[in-house]
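Colleague: Below is one structure. I have some questions about it.
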Amino acid sequence: MTYGEEEPVSPMARVFQSPGIDLCAVTIMGFKTKINPDVVLDALKQNVSKHPRFSSILSDNGAKWIETEVNVEDHVIVPYIDAEEIGEGGQSFIDDYMSRLTMIPLDRSRPLWDIHILNVKTSEAEAVGFIRSHHSLGDGMSLISLMLACTHKTSDPDMFSNAIPSMKRRATMSHSLKTKGWFLRSIFTIGSTMRLLWNTTIDMLLLLATVLFLKDTKTPLKAGADVRSNPKRFYHRIISLDDIKLIKNAMNMTINDVLFGITQASLSHYLNRQYGTKKEEDGALTSYRNNLPDGIRFRVACTVNLRSDIGFKPLADMMVKDSKCRWGNYFSFIFLPFTIGLQTDPLVYLKMSKSMMARKKHSYHAALVYFIIKIVLKVFGAKAAAELFDRPVRNTTTCVSNVIGPMEEISFRGHPVSYIAPSSYGHSHALLIHLMSYADKMIISLAYDPTVISDPHKICDDMEESLKAMKASLCERGLL
């Protein structure tokens, strides 16, 4: 094996491959046709193997990327599958196969990625591709940009699948206020700045408390100390993106607001059912519908993209040095306090979500966390930075990530893609929720610890039912 130029590893990449943290990103892609492995190999040789991160290995101390030659055949695995033995249990076979992979680390003697081709029919696809890469290679935005560079529009095979809008962050001052006099603008600026400083101060104090002692309530979704060493399983559900957009427009909010409202509602109903089951087992089930204990502290770690250009860019633009949409792990976390409780009006969850997200957007919490991790890494080393990153994650309950995907169907070398379900493993949570839009679909993708959560389908059932209840409530009020 030959080696070439060396390049420093980014701060978050150092954290992700530190001792005790081995975070891997996965992308599960369902295809409408059987996958031809030769076509995949040819495409990888032309695209992925030439990418700096996918053709580099880590130095012994994990501080530098070292360019190396890539034998693509070593990274594409096509297991032997006895179709007769599997029968109608294609999805179970795929689930078990992917779960076993979460216990097999990537080979650090070569670039940290592999692709598994499973030509097994399920209810949603004719074949499934399982793409695994170490999170130090790049975050979700980076990996999806790479995926788009390798795919084309199904409707026009000659066009690359660049059907994702580029977006800028919203201005803090409305257009109508900008047209007012200087005095009103000054008052708004002073008030907004004071609120920003106050919110940031409170958020950082809560972060410090979470690092030191503040833990979430132990619930049926809260992980134990050994969660990272347990195998993980994956489950996904496809719901209507159009329904989410209808609610978004009717409630004058963002897609994110709707998704977090749905998530908050569904987890409340799921936990209520779990506590009800426990009371029944203990012989103390009451006739009350609400089985939730009072005062549940339930926080969600939410990933935040730190790039100034928050939409997707062509891969070539992301690889340019000092680009505003650069490749890498340029994201941080904020912690969202979910109100776990039953509401008679499903729209209350949406209103709470909108208020919560508006408050969190007006804070420098995410940027400061990233900055502090960089300083700790530089002064105290990767181990201390990894502990600073992982401690608040361990003390919260779950993590939610939302990624915008292609607005129309894409194909990989003549293989139309049915769905895309991103996820990850190696984290300190028993439940990870990824949400990704694709064409007219929204894919709910769960990574979970089966020793803690035995019924992930019920979480997705609750999300689906919550969406229907919100839409029905808006229809009853004549808002749709």
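Cβ coordinates come from backbone N, Cα and C, glycine included.
The annotation active site, proton acceptor is assigned in Swiss-Prot to H135 on the grounds of sequence analysis. Residues annotated as N-linked glycosylation site in Swiss-Prot, with sequence analysis given as evidence: N252, N395. Swiss-Prot lists 1-193, 351-365 with the feature topological domain 'Cytoplasmic', giving a curator's inference as the kind of evidence. The feature topological domain 'Lumenal' is assigned by Swiss-Prot to 215-329, 387-480, with a curator's inference given as support. What Swiss-Prot records for 194-214, 330-350, 366-386 is transmembrane segment, and it gives sequence analysis as the kind of evidence.
Context for these features, please: burial, neighbours, distances.
Modeller: Secondary structure at H135 (active site, proton acceptor), taken from DSSP and collapsed to helix, strand or coil, is helix. Within the same chain, the residues at least 6 positions away from H135 (active site, proton acceptor) whose Cβ sits under 8 Å from its Cβ are A13, F16, L23, C24, A25, N329, S424, G426, listed in sequence order.
Close to N252 (N-linked glycosylation site) in the fold, though at least 6 residues off in sequence, lies no residue with a CB less than 8 Å from its CB.
In sequence order, T210, V211, L214, K215, D216 are the residues of the chain that are 6 or more apart from N395 (N-linked glycosylation site) and have a CB within less than 8 Å of its CB. Secondary structure at N395 (N-linked glycosylation site), as computed by DSSP, is coil.
On the 0 to 100 pLDDT scale, the topological domain 'Lumenal' (215-329) averages 84 in the predicted structure.
Distant neighbours of the transmembrane segment (330-350): 10, 12, 139-141, 203, 206-207, 210, 219, 247, 251, 253, 257-258, 260-265, 267-269, 271-272, 289-290, 292, 296-307, 356-357, 360, 363, 365-367, 369-370, 392-393, 396, 399-400, 466, 469-470, 473-474; these residues of the same chain sit at least 6 beyond its ends, with a Cβ under 8 Å from one of its Cβ atoms.
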Colleague: Cβ under 8 Å, sequence separation of at least 6 from the ends of the transmembrane segment (194-214): give me the contacting residues as numbers and ranges.
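Modeller: Same-chain contacts beyond the ends: 299, 334-335, 359-360, 362-365, 368-369, 388, 391-392, 395-396.
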Colleague: Residue list, the topological domain 'Cytoplasmic' (351-365) vs rest of chain: Cβ under 8 Å, 6 or more residues beyond ends.
Modeller: 172, 192, 195-196, 199-200, 203-204, 207, 251, 253-254, 256-258, 260-261, 264, 302, 334, 336-337, 339
